[in-house]
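Below: one structure, written as C-alpha cells.
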Amino acid sequence: MATDSWALAVDEQEAAVKSMTNLQIKEEKVKADTNGIIKTSTTAEKTDEEEKEDRAAQSLLNKLIRSNLVDNTNQVEVLQRDPNSPLYSVKSFEELRLKPQLLQGVYAMGFNRPSKIQENALPMMLAEPPQNLIAQSQSGTGKTAAFVLAMLSRVEPSDRYPQCLCLSPTYELALQTGKVIEQMGKFYPELKLAYAVRGNKLERGQKISEQIVIGTPGTVLDWCSKLKFIDPKKIKVFVLDEADVMIATQGHQDQSIRIQRMLPRNCQMLLFSATFEDSVWKFAQKVVPDPNVIKLKREEETLDTIKQYYVLCSSRDEKFQALCNLYGAITIAQAMIFCHTRKTASWLAAELSKEGHQVALLSGEMMVEQRAAVIERFREGKEKVLVTTNVCARGIDVEQVSVVINFDLPVDKDGNPDNETYLHRIGRTGRFGKRGLAVNMVDSKHSMNILNRIQEHFNKKIERLDTDDLDEIEKIAN
C-alpha cells in the first residue's frame, strides 16, 4: 500500500496512541502525593449536559481502546431488498472467494473467522451485481474491516483514478479507517490511498491517481465539484461511515447528500451507523436507494445480576465518608465512581488519593488519546478506582469492575432521572456472568425523588444501606 505523507500521518497517529498508553501522565500536585490523579481545571461547575461528549470523540475513543473485537451475542436481523433472493451468511473468509492478496491481508490483521456483522454483511457487499446496504453496528464489531474489504475487492488496480469513496465525520476517524485500509491492503502494493481532508493541499486542476479516497464531507465535496480532483461519475463504491455522528455535525448531512447525487446510478452505496433513531433512518433512506438492511438486535441490558443499594447522606463530605466506610469493610477489586460535574470528580479523586487509593480520573477536558491511556491503565489494573463524569458511561468493558458507585445520580438537563444513563452506568458491573454491586449516594429530597423514580422505571427495589453499620456492609459483600 502506498505511503504518501497522509498515510504516514496514520502511522504517526498510531505511534502516538501507543506511546500514550505507556505514558506516565503527569499530575499536578494536590497537596501531598496524589497517586495517578490528573488534575483538571475547574473554573466553573459544568452541568451534566455540558459534560456529555460529542459523538465523534466518543467514537474515536471506542476505536482507540478496542484491542480486539467485541464478543457480540446480539441477534442479527437481515431485511433484504428482494425477499426472493437467497439469503446466506459465511463462516469463513475462504467462502467469499477473495483475491489471494486480500485474504492474506485479512489474516495478517488477526481475523480468523468473520464476526457476526461480517458473516451477514460481506456476502451482500461482495455480491454481483453490487447491492446497496444500510447496516447498524456498534464499535468493535468488525464493520470497518467489512466495508474496507468490499472497497478493496471492487477496485481495478490498473485504473489510476478514484473508484471508491469513503466519508468519515472527522479527520481523526478518517485516519483510523485509513489505517485499516493500509493494513488490509499491504499485500496489494498497486492500490493507493488518498486523504481528502482539510490541509491536504493539491494544485488546482490536478487529477488524483489513487483508487481509494477517504475524507470528510466538506473537503470531498470540494474535490468532486469545485476543484474537480475527483470525477464522481467513475466512483464504484460509496461508503458513508458513522452516519449517526455525521448528522450530528452541522452541514455534513447536506454535503453527504450533495456528494451522493453526483454519483452514477450503478454505484454501490454502503451506510453504517451505531444507532438507528428516526433522524439517522431518514438520512440513510435519502442516500441509499433500494437497500438491504442489517440491524443488530440490542441485547437487553439487565439489572438481574446487580445488587442495588442507596445510602442516605446530608452533604458531600458525608457521601465521601460513606464511601470510605464501604472501602474499609469489603474487598473491592476495581470500582467506577460517577460524578455529576468535573469539579466534584476532581475533588473526589484527590480526596481518595489522600486516603491511599490508586485513583484515575477521566474527564471531558482531556484529549481523546489521554482518555484512552487512562482507560488502558485502569483496564490493566494499575489504578483500582476510576472516577469519571458521563464521558465514560458507555463502551468500556473492564472485567474486574465489581462495584459501581453513583456519587451523584444521573439526571437529564431538565433535572429528571436519566434512566438510560443509570442503566449504562451500573451495567459496568454484573457483566461476564458475575454478580455486581451498585451503590447510590442520596443527599437531598430531590435526589431521593430521583431514586424513587428510577426504582419505578425499572420496577426494581433499591435497598437502603447503613454504611455506619459494619455488619450490614459485610452482609452485602457475601
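Just so it is clear, glycine is given a Cβ too, placed from its N, Cα and C backbone atoms.
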Swiss-Prot annotation (motif 'Q motif') - matching range among 91-119, 178-206, 294-322, 439-467: 91-119
SUMO2 cross-link according to Swiss-Prot, picked from K26, K31, K52, K413: K26
Other CB atoms, at most 10 A from the CB of G142 (ATP binding site): 20
Residues that sit under 8 angstroms from Q118 (ATP binding site) by C-beta distance, when 6+ apart in the chain: V90, G142, K143, A145, A146
Residue distribution over DSSP helix, strand and coil in the motif 'Q motif' (91-119): 16 helix, 0 strand, 13 coil
Local Cβ density at T144 (ATP binding site) - other Cβ atoms counted within 10 Å: 25
Local backbone state of T144 (ATP binding site), from DSSP in three classes: helix
